[in-house]
Each structure stands twice: as structure tokens, then as C-alpha cells.
């Protein structure tokens, strides 16, 4: 038997070979084996062995036809019969017909995801007995029943997620006997009573429901379907439809005759559902005459019910609200839309801008009959406390009526635009209880400290509502302090603007509600058994007593404030607390069982009001009218208000005491009340004395009645009259217990705020003197700018310094107490902040300038071809002195404008304490410290270098170039020209010591003035009086110092004043440039001295060169005298040596000579007595330097001068000062011009400042040229004038051409003029 078996085993390989070839051909050709047709284009056929141990005929096939946009399932004959997996996902298959997959009996997995399947016929999956996995995810399946899944007996996993059905009916999966996993998550899944069967079926069949959660109702959203408790799966109202919409869904604006179709669709959840149409609550049915057509209800895909409405001919009556109404036994639901029908000639509402407390709204041009909507402005804070869904857009609406006019509007859904109002609204929405009432009240109290800045009526209304809520808890023992906090809040509200309080009273009776809440505080507190209750605040004082009617002998109560009568802040700030936070500024009560006022005299107080209750208040007649509680014990309340702000008259009060708001409350308001009594006691007078805070006319005594003007309240004068009145006090008498006050007509009068708006007279007087002195300095330095010898930088610094001190003083005396106007007060704070910082910065700039001049070193010669450095602009000083304060103030104001102005605890205009530390006190202290360091450095430098006394001028650019070009010719010029320095070389008349003294004392006096002024306005009596006088003394000292230092002690300023006030005394200034008359025929020719030193100073000059060139010689007065008289000439080698001991006394006593008038004529030959070429120029320069300085004090006369006959009539301090200055300049010349052996060293040893006097005057030195005549007049009014026959600034060169320096007359004489003791030849 074995061999046949072996033979059979050997016969198998020939049979397997054809089968393998057929399978290979099927794979390569893409066709199905076993006679199957080819796959459609784009499909992929994948066949591979299932396993090594499986028979050859049991092959597995996978067909993938994904993303081919197939519109229907492929015919079964196009697929291999042995297909195991069929992928038809991501196509456009819309329906599955009966027998769509017949013949695929081996199919185990069918994937139909992401198609458009909406209809599945029963038996669609018939023949798929081997199918184990079916995926119908993300289709449009709405109808599911058991017949659909008939024949799927081996189906293990079914996925129906992402379809349209909202519920599954019982028995849907009865034919799926092998089902183990199920998914049916949809966007419309409704977990109600219709899926209760699912819980039982899942447990019985042991089915796993994956990733399926409830979507509706909202209460079960996101809960697993099988995890919901069965008792929650109900079909009770309200009805929540998974899908319900109406198109169009928004308001429709149409014209008459138009056609408008509507559609309404809802989730089909019950068989009795129906859709109805309504217009303005009336049911709508088909009416062909009016063009209305209603389609019957239609069921779509077993999931939606729909209905349609068509209005084919719209008329004006179609305007209204149209709705789609879904009706079921489980409840109803409605969707509506507005229809506006317009005529052909419709009108429009114009565009309009509305600004209110909810924001800025710009309404567009809108058709008549249309309601316009605008989105509210979103704010980050408080957005969660407004009504509506936070996800919804909150909008304001406004209706435009048919006439084209804006009508109703609504902004209630919008947040308040103002931060203050928004926060107060948040307070108002907070839930209150006994635990958090006190804490919330304290938070509100802290916020109402800024009540003076309230700008919206809703601010006051919200606070009034909060006070009413707090009042409910005042009766509780745990909330004892709540009453005190309520009084403080009401006191802060009195700081608000009267207009805001008036609007709040008119809108919601807010002020009256606050007062009535305060009246109930004492009632609740005394109900607990207490006999006395009192609470005080800056603007309100409350006192309550339990009084026995028996033995009552009357009572006098006084309202006072613990400040001195001379305290000027006692009347204006209306009870603001003082900076230390104590309550000395608050109102207080003091009562005494007496009916006389004299026994209640209080020291150091301001009595605001007093009230006298007579002994007959509890007479036997009244005792019967009263309703006693606890054996004839009565609760007496007294409330005092600093002013009448909480009692505004809002209605038509023409017939009342205020006479249509013509009269105003000008006194405090005092309230008297006995609990349980509200009757007029016509026969019992109550005397009230009130202090007036304003002056007016037509005074009327009045009492407040809360019931007048429909509950708005008003003042009436019935039963009240005035007993006595003087300038400040008014006594009235009323015959009822009420709120008492005095009203006056303030037309043309202002609030009596003398103590608030006026400082002490000493402050004003001394400040005016300081302002006048500063103004005099500013005007003098601006008007006489060209005559005052001061550098341009120093001039700018001094003028700006004076201006900012002037600005500080003006703003201080004029605005420091203007606390009633918030805007003005803020402006005062900003200006004071700026001017103070600017002043100390300009002092610092001045100190830095002095330091640079003191430490300045001599400049060396530079290459003539090298361009000079660019000039540094004056703007840099303004950027420091004015720019830095502007930046600091700008940042402070931009951060919070409320940093400036009056604080609630300060009766002056300045800054808040915290911002001022970093924005003012810190920078000001640092700048002051830097200034002091500069002053100390200058002082040390001057001690080390006592020779540095004056500030010298800088050579101009042209002078520097000329000096560099003339270096080779210096040996040919008189050495006197190298060392010639006069007062014209001074840049500033003041010495460095004087400038240092001026800057340091200015800073010291300014800081002292600022501090004393601040103390004078911030402290109370008597310290404010003391510092007012100290301020005055400092101000006078400051004034005297400024005028003396910057004006009186300066010769140039004094000269300018003399020229302005006494023009006749300055006649010489007119003669300065006048040429003298010809003297040839009068005086003849002056004698000549050929061997004089005047001749010897002109070296190496021929006759022709002397005639035709402008090289010229410089002759001092002494040289000119020597030229006239050879016997009196100085020896050549006997030049006196000048050392550091050169003083005014030595110069005046060493040489005393008088040189007669001199006239020099040109001569043709000048050869005799010429100096030797090898003569030392250093000795000559030294000699001429000393002679030049001597020449300053040698009195001479010039022929033809009007002053040559005036004697020296005055020798005083001014002349001594001038001589000392010239002596110093001579010393400085000698220091800068040491003896030189040859001309080759001139450039390296001579500073540029010394060469400044050898170059011609350039265009940049016009200011110095303008100053010279004035200086000549000042120095020569008391003596004759020297004569110099050479040009002071050296030869003039222009384009290589030389010309005569001065013209001559017909006789050849030189025309001489007076110019700084010199005559130009």
C-alpha cells in the first residue's frame, strides 16, 4: 500500500503548478480568479495566503476602492467572489439598495465611512453571512430598523457614529446575534425615555458601547449613554430639540409686493410632532387671496420634520413677528423672525452719535421702521456680571420709527464705560449676608473716598442701594460697626458734585434714600437696649438718646468741629480728614440738659449749628399723642449734615422755599426726630442756630419734607421763620421736628470760601515783592541784553532760572488752595511739579557751566587748514532744564492723572504721596545733591587756583585763522599787541567767586522758600501762621539778594538803568563815534621828538611802507607823551617788573602823570632813533604791558572831546573795583605771555586767548562791539581819556590789499575818536 501512496504523493506537484500560475496571472492582470471580471479603474486587489497551513483554495482577497468619488456601490459581478475585505470609504455613495453585496459570501469586513449614505433598503446586506465588521461612520443615515441588518448573523462590531439620527428604536439590532461592540455617537443624540431599552439590552447581550455620550438634554451632556441613571432618562418637559432652525433666521426688510419664503426644520423625535406657523401670536394657514401658502409637514430621512411658508405678495400688514412653532405632547418650541415691510418711498433716521455711561455709540443711517443694533464696547473687568450668555455678543439697539425719527433704545446689556461705575455695579451685584456685610461695607468705604471724582448719577444710585442693603444687617449684634461704616460712606458721598447728586435724586431718589437709611441706624442700635448711640464722620454727625418724658427740662445740642477759628481750611474742604488720618476735622455733637447756649462754650472749635429743644416738648398733651415704648421712654435722634448736598430740589419747586431753585442751602442741615412721632407741634418752638457758609440775599428759614413733589422731597418755609441774622450766624425758629436749614439767593455772589481760597496776607505781600524783583531782573536782562557784559550761556541760564522761580511763585500763591475745581487743582499740581524740577535743574546747569569755566585749560594752536569744531547748540541746556521736567510730569500724568490735584485728606493742590516720592522728592533731592557737589568742586578749584577770577572770552573762528596766518609776522609787530587785555576781554563781569555765591544762595533760598510755603499751607494753627511769616522773611531775603547780586552790584546793569532813566547823563555815548574838528589851524603842529619811544616801537619800517601800508604801530598814552617831549621819555631798559603783588595801590602810587592833549601828523621820513633789530622783544613786551596797565589810570584828554575839560569828581568803590579788575587782567596777561626770545616760539607759547586782541573784529563779535561804547562811558565819566594811535586788534588784512586805517583831514592830521582809551590810526 505504501507505494501507491507514494505515487499519489508524487502526483500532487503537477496539479499545484497550474493553480499557482493562475493566481499569479490574476495578481498581475488585476482581474479576479475563477472567472471574475476585472476591477474598476482605481481599485486595488490584494490577495495573499492566509497562512502556511491553509489549503490552497482558501485564499484571502482585499479590494480597496477608496476616494474614487463613486456614486453607488460597485456591482457584485465586478468584485472577486472570494473578497474578504472591501474598502469603499471617502466616496459619494448615497444609498444602499437590496442585494448590493450579493455573492460576497466570504466578505468579513466592509468599510463605508465618509460617504453620503442617507437611505439603506431592507436586505441591503443580505448574503454577507461571514461579515464581522461593518463601519458606517460619518454618513447621513437617519432611519434605522431591524430589517436593514437582516442576515448579518456573524457581525461582531458595528460603528454608526457621525450620522443624523437622534435616537434608536427598540429592536433595531435584534438580528445581530453575534454583536459584541457598538458605537453610535452623533451630534444630535438625545438621551431620553426612548433609549431606556438600550440599558437592558446591553446588559443582557453583554454588548460593549464605545465612545458614545449624550448630547441632549444639556443636563446630561457628555455623559456616557450606558452610564446615565435610568431615572434621568425621561420625556418630561421642557422640550429640547437636537436640531431646530428656521430660514431665514434674521430680521427681514422687504418692500411691498415682494415674495418671501420660509422653511422650518426640527428633529423628529415623536410621531405626534407637527409644525405650525404664527404671525404675532395668530396661527397662519394657506390663504391664496393674500398670497400665503403653507406646506404640510414632511418627514425627511426619519430624523427631521419640515414645513414651508411662502408669502408671495407682501403687504404692509405683513409687518410683524413670524414664528415656526413645533408642537408635541412633550412640550413646544418656537423660532421667530421679524419682517419689516417698507413703502417704496421709505424715510430714514439720520446718523447720530450717542455718548452715555455705557460708551460711545455711532448709530448709522437707518431705514424707517428698522431697529438698529450696535455691538457693546468690551471691557476686561466686570464682564462676567452682566446678564446673558457670555458667549453671546452683547448689543445695544435703537428703533427708527416710520416717521424717520429715532425712538426707543436699550443699552442695558452693555457694560458701563467708566471704571468707577463698573466697579460700583460689581459691588451692587454682590450677594450680602451677615458674614460678609461688614467686610464688603469697608471695601465700599475705601472706594468712595474718591467720591469727589464721581461723574455719573449711577455711581450715587449704586452706593445708595448698597447702603440700603447694609441697613438690613445693622440690627444684628454682630454688625455693630456697620452703622459707623454706613455713616462714613454717606459722608464721602457728600463730596460728590452737586450736579451728580441732583441727577441721582431725580432718577432714583438716591439722596433721600441715603438720609432715610441713616435715620434707621439709630433706631436699630437703640432697640438693643443701649441708651446712647453716636457716630461721627467728616461731613455727618449722628447722635441718639433714650429720653424719659418725666423730668425733661430741655436740651441744647451743639454741632462743632475741632479746629481753630483761624484755620482757613475749616470751611472749604467740608470735613476732609487731616493727613495723619485722625478725626480732628470731623463733625461732633455735644448735648447738655439745658436750654441755654452759653453754657456750652467750647474752646478751639468752629460751631456749625446748635438746636434747643424746649422743656414743653413732652407736655401732657403731647404725651397722649406719643406712642410710648417701655414706660414713657422715647428715642431722640439728631443728625447734622455739613451742607445741603443730600437735599437737592429736583421737581417743580416754584411755590416752595427755594422758589424754583433760585435759593440755595447756605448752612448746615440739622435733623431732629423722635421715633414714632410725625405730627406738627405748632405750639412748641424749636430754636436752631446755623452758621452760614455763603453770603447772599433774601434769606428764608425752611425745613425738608420727604413727601413733597411725588416723593422727590422739597424745602418748605411753613412754620419756620428767622429770629436773628448777622454776617455769619442765623437763628431760626420752627414749630415741628424736621430737617432745618437756611436758604438764600446766591445770584451774583460766590461761596464764602475766604478761609479756603486765601492765604495769610504776609504770604501775598512778600510774594508780590519777590515777583516784582524777579520781573525787574528778567526785563533788565532782556531789554538791555546788548549792554550787559555776560556770556550768552549765562544769560540764558539766568533768564530761565528767574522765569521758573517766577512761575513757581505765581502758581503757588494763586492756585495752591483751589481745591474746589478738580481740573484747576490738577493743573496747579502739574505746573508746580514742573517748575520746581526745572528750577533746580537750571541751577545745576549754571553750576556746571561755572565749573567748566573754572577748570578750563588754555587751548593750543591748531592747524589753520584744520576746520574748527562745530558750535554746540544752546538747545542742550533747554533739553536738560525744561525737557527732563516735562518728561517726568508727562509720565506721571499719563500713568494716572489723579496723581495730581487735591487729595481727600489735604486742603491744597499738589500730588498724591506715593507717586510724589518717585516723581518729585526723589529726583529733586538727587538734583540738589548733584548741585551741591558742583558747588563744592568749584570752591575747591578756586582755593587751589586763586589767580582764576574772571571768565575770558573765547576767540572767534576768524580770529583763530588770522592768528595762525600771522605767526610769522609777530616779530615785526609791537609786542604790546600780544599782551593787550582790557575789560573788553571779560566774558562776565562777575568773578567766579561771585557767580558761585549767586548760584548757591539761589538754590538755598529757593529750597527754603519752597519748604516754608509747603508748611504754611499744610499745617494748622498756629504753625501755619508761624511758617507764613517765615515764608515772608525768606521771600524778602530772596528778593533783596536777587536784585543786589544781579543788578545793583553790576556796573553794566547800573549803566543801563542810568541810560534808561536819565538819558542826559549818557551824552558821551552819543559823542563816541563823532570825529573831532580839524585842529591844524588852531593848535598848530605838535613838537616832535625823534628819539622818543613812540618812534622806537615802529621797527623795521621804511618811510614808504609807513605811508602806504596799514601795518601801523600801537602807541600807548605814555609813548605818545614821550613823542612830544623827549626829555620825559622812559628809559629803554628800565621797565618796571610786575609780580604777583601787583595791586591797585601799587599801580596808583608808582606812576602818577598827566599827559597833555596830543596831535600826531603823518611824516614822510621816520628814520631817527629806530630800535635795534637784536633788541630783546621779551623786555619790550613786559615794559609795554606794564605801561599799558598804567595807561588805564593816567588821565589824559583828547582834543575836540566834550569831556576833556571835566574834572575827576568821583573816586569811589566803583573806580577801585575797575582798577582791581585791570590789575588782575594785567597779571593774567603776563602769565599767558612770558618773555619770548624769538618769534619762532610765538605759536607754541601764546594761548589763543592772548591773540584774540591782535585780530580784527569779526562778524561774530557784534555783541562785544555794541557793548564797547557803554563801557567807555562808565569808566570815563570821572576822568579824561587816553589816546592810542594804533589799532587795538592789530592789522586788517583783506584779500592781500592794504588800505589806510583812518582818513586824514586836509592838513594831514589824524582824526581821532574815543574808544576804550585808544585811538585808531
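Count begins at 1; order follows the chain as displayed.
Here the Cβ of each residue, glycine as well, is placed from N, Cα and C on the backbone.
If you check Swiss-Prot, you get these features:
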- 82-103: repeat 'LRR 1' (REPEAT)
- 130-151: repeat 'LRR 3' (REPEAT)
- 187-237: domain 'LRRCT' (DOMAIN)
- 264-324: disulfide bond (DISULFID)
- 594-620: repeat 'LRR 5' (REPEAT)
- 720-734: disulfide bond (DISULFID)
- 762-782: transmembrane segment (TRANSMEM)
- 797-817: transmembrane segment (TRANSMEM)
- 827-847: transmembrane segment (TRANSMEM)
- 877-897: transmembrane segment (TRANSMEM)
- 920-940: transmembrane segment (TRANSMEM)
- 997-1017: transmembrane segment (TRANSMEM)
- 1025-1045: transmembrane segment (TRANSMEM)
- 1073-1094: region 'Disordered' (REGION)
- 1198-1219: region 'Disordered' (REGION)
- 1231-1265: region 'Disordered' (REGION)
- 1294-1321: region 'Disordered' (REGION)
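Between the transmembrane segment (827-847) and the transmembrane segment (997-1017), three or more CB pairs separated by 6 or more residues in sequence fall under 8 Å, so the two stretches touch. Same-chain neighbours of the transmembrane segment (920-940): 833, 836-837, 840-841, 843-844, 847-848, 850-851, 854, 888, 911, 992, 996, 999-1000, 1003, 1007, counting only residues six or more beyond its ends whose CB sits under 8 Å from a CB of the stretch. On a Cα basis, residue 324 (disulfide bond) lies 69 Å away from residue 734 (disulfide bond).
Only residues 6 or more beyond the boundaries of the transmembrane segment (762-782), in the same chain, are considered here, and those with a CB under 8 A from a CB of the stretch are 788, 790, 795, 798-799, 802-803, 805-806, 809-810, 812-813, 1013, 1016, 1028-1029, 1031-1033, 1035-1036, 1038-1040, 1042-1043, 1046-1047, 1053, 1056-1057.
If you draw a 10 Å sphere around the CB of residue 720 (disulfide bond), it holds 23 other CB atoms from the protein chains shown. Cβ neighbours within 10 Å of residue 324 (disulfide bond), excluding its own Cβ and spanning all shown chains: 26.
All protein chains included, residue 734 (disulfide bond) registers 25 other Cβ atoms within 10 Å of its own Cβ. The distance from the Cα of residue 720 (disulfide bond) to the Cα of residue 264 (disulfide bond) comes to 74 Å. The number of other CB atoms found within 10 A of the CB of residue 264 (disulfide bond), across every protein chain shown, is 23. For the repeat 'LRR 1' (82-103), residue counts in helix, strand and coil come to 0 helix, 7 strand, 15 coil, using DSSP. The average per-residue pLDDT of the prediction over the repeat 'LRR 1' (82-103) is 89, rounded to a whole number.
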